[in-house]
Each structure stands twice: as C-alpha cells, then as structure tokens.
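Remarks on the structure that follows.
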Amino acid sequence: MLKKLLQFSIGSFAAAAVSFFTTPVVTYFVIPEYFGIATLFSTIATFLFPIINFGTDQAFMRFFYEKEGNERYALLWSCLFPCCCIFIFLCTVLLIFSHRVALYFFDKDIPYLVVLLCVDLFFRLIQRYSILTIRMQQKALLFSLLNFFLSIINTATIIIYSLCFEKSYLAIIYGGIISNLVLSVIAIFIERKFWFSKFKITGVDIKNVLFYAIPLVAAHFLSTLFDGIDKYCLKQFSTFYELGLYSVSFKVIAALRLIQSGFSMYWTPAAFEHYEKHKEDTSLYEAVFENLLFFLILAALLLIMFKDIIVLILSRQYSASAHIMPFLVFLPVMYTITEVSNLGIYFKKKMMYETYTFALLDLIAIALNYVFLRKFGAKGAAMVISIVYLCYFYIRTFFSIKLYPMKFKLAKASIYFLILWIVAFINTFIDLKILEILSAFTALMAILVVERRLLKAWVKKIINYIHK
C-alpha cells in the first residue's frame, strides 16, 4: 500500500514543486486585486461544476469495480450523457444573461468572462472523466505524470500570456482552461478504448447511474457552496485585494494540499476495493487513521513554524499572507483525515447524510463569516475555515460510525486538533516572533514524544522501502 500511495503522490509532489518555484514569478506578474478576480472566477466555476457533473462521477467510482470490460466503457458514457445535457442547458442560460452575470459576480460588464466560464466548465468535465478512468484503474505512475504535466502547462500558460499580452487575471484563467484542455486530449488518447470502443448504453444503465447520483446532487451543491462561501464573503464584505492575499495564502500550504490530493486519489478506490473483499474488516481504516493523524499534525506544525521563511518566495506585496495561512492548514488536515473516517456513509450508500452535513456546515460558515470577516478580513475568513472544517470532521465521522462502526482514536485526535488550533491562533493574531515559533516548536516536540512508537515504525518502513 505504501508503494502505491507514493506512486499516486509523486505527481502531486512534483506539481507542488513546480508551483512552489513558479509562485514568485506569478505573484510578480499578477497583483493581489487581479489574483482576487481570478480566484472568484475559479470559485464560481467550482460552484457550478457539481450542477453539470450531477454526482455522476461518484456513481462512476462506486460502480467501476462491479463492471468488467465493455461494461466499464458503457458506464463512462452513461455518466457523461446526462452531464452533457445539463451543460448545454446551463451555458445557454448563462450566455443569455451574460451581462448581468458578469456585473453581479465581477463588478465588471465583461460578458467575455461568462463565455470563458462556459469553456472552463466544459474542459473541467472532460478532464474529470479522462483522469478518472486512469485513477480507477490504479495506474498510479501515469496518473502522477499527468498531474505533473497539468501543473507545467498551467504555469507556462500564465507566464507566456503575461509576457506576450498583459499582466492580468486573464493569464490565470487561460492557464486553467488550456491545461485542462491539453491534459484531457492526452488522457483520452491514452485510454481511447474507454472513449471510442464499441459498447451499448441502455436506458437502464443511465437510470442506475442517476438513481445513485441524484441523492448526491444536493450534497455536492451544498459542499461546493461550503468550499466557496469564504471567498464569496470576502468579495462581498471586503475587497479583491484581501481576497487575493487570502488566495495566495493557500500557496503557502501547498505541501499539505499535495498530501491531501495524493492520498485522496489513491485512498478512495483502494478503500472501496478493500470493502468489497473484506466487508467486516475495519483494521485497515483504523490503522490508516492513526498514522495519517500523526503525519498531518506534524506537517501542519512545521508549516506554521516556518511560515515566515516560506512567504519569502512571494512578491513583497503578498507578505501579509504569512499571518493568514496558519488557520488554513485545517482545511487539508481535516479533509484528508475525514476521507478515512467518513467511509461508512459511502459503504452503506446513505448519501442523504451528505446533504444533512453540508446544509448544517453552510449555515455555520455563513454565520461565522458574517461575524468574523467584517472585523478581521482575510484572517477572520481563515479562522472560520478552521472552525468549520473541525465541524466537518466531527459531523461526518459521527454519521459514518453510526452506519459502519469503526474504532478511531477520537479523543487523542481532539487533543491534537486543539493544540494545532491554539498554535494557529498565536501565529495569526499575536505579532511576536519568538512566541509564534516557540508555540509551534513546543507542540511539535510534545507530539513527537507522545508518538515516538509510531515515529520509529515510520522510520523503519521508509528505510526498508529505500533498501528495496
């Protein structure tokens, strides 16, 4: 499992390295206000994508291992057909009201942004399924290579557009569109048997997909709203400048985001496969939870401790990001750990709990953003992220264990989360460097002492893997 996880993660690590070394260049070309506009564009696209996707990607993953050969090809198109119909309808509406949409979201009467939004949505959809066919076959190295290639194309497009045309938000928007386009073409060519082989789709196939996917639509819509509330509230209650700083702060936690991405891409198909073979065995999930908790808390504390050094790679106008990012570590930490603790919901196909969870989380996020964002700006938005993602973990874990009992060490996890939150608070609101560093270092040493047995086991596994 460790070998496969590393293979899935290597592309994310390489992509993060590209992003890390090119971020200073991008922040030089794009000022915070423009970064804010580009972030809002991406947020809107992310918000609309689940409507187009309609939960069918989850159906594809859920039924993939129940199918063989041509049945898998039919499953792909059974998922894509309803998506394409929704895409045509939604984009028609957006283009008809393009002037109003542009003014409402971007405070600019630029209908061209709405056209780009439709193009972006289309290539997001194709890229999602083209890469998913590779991921579900667990072709880890190919998956990693394509992720790395995606990052290279994205960054290259931003730099070339900025040098040849203008230093604006369009550079970032075009970077996303072109990278998704190129990656889709490559992935489709590699797995062309999925896309162009002979197969038969029936109304029953589409019905089965929709029967599983429809309960997910509301949950996906609410979850996307949950992911974008912070950015939309910053746009409403603050400025594009604050939104730009907030967005760049996520670059500082890139290491944790890549761990989140690499783990999630491997873990979902692996967990489903294990469940199909050993339905009563929960030991794997419990062991992964404990190891993941230890590793992520350490990584988060290290990032906070060295935040002032990391932000030196950015343009000076983004230096304030150092005191925005500490609370943001909760997003990848809690999301990744929850990928393990919430499996019961998916195993038992009780997707209604997803809807309940995100409806509650959206209400919490809106209320907290209204209170804290007006006073603290981007720092307030980051603090709200930490609180809401803690709720995200506990609510989903509660429902999951209720459906599929697993013995996670939740008491220990809660203590670690509290320690991390206190360290993040000190490093955000108390401008005293010695105290900031000391708080993170003390917490780090304490956890290493408590988890020395687990640390020794990890070191031994890594050494054995290297020797092989």
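Glycine is treated like the rest: Cβ placed from N, Cα and C.
Database features, via TrEMBL:
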TRANSMEM  12-31  transmembrane segment
TRANSMEM  37-54  transmembrane segment
TRANSMEM  110-129  transmembrane segment
TRANSMEM  141-163  transmembrane segment
TRANSMEM  169-189  transmembrane segment
TRANSMEM  209-226  transmembrane segment
TRANSMEM  288-314  transmembrane segment
TRANSMEM  320-341  transmembrane segment
TRANSMEM  353-372  transmembrane segment
TRANSMEM  378-401  transmembrane segment
TRANSMEM  413-430  transmembrane segment
TRANSMEM  436-455  transmembrane segment
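By the Cβ criterion (distance under 8 Å, sequence gap of 6 or more), the transmembrane segment (436-455) is not counted as touching the transmembrane segment (378-401), fewer than 3 such pairs being found. Contact between the transmembrane segment (209-226) and the transmembrane segment (353-372) is supported by 3 or more Cβ pairs under 8 Å, counting only residues 6 or more apart in sequence. Contacts between the transmembrane segment (37-54) and the transmembrane segment (169-189): present, as 3 or more C-beta pairs lie under 8 angstroms, all at sequence separation of six or more. Taking residue pairs at least 6 apart in sequence, the transmembrane segment (413-430) and the transmembrane segment (288-314) share three or more C-beta contacts under 8 angstroms. Against the transmembrane segment (110-129), stretch 169-189 shows more Cβ pairs under 8 Å than any other of 169-189, 320-341, 413-430.
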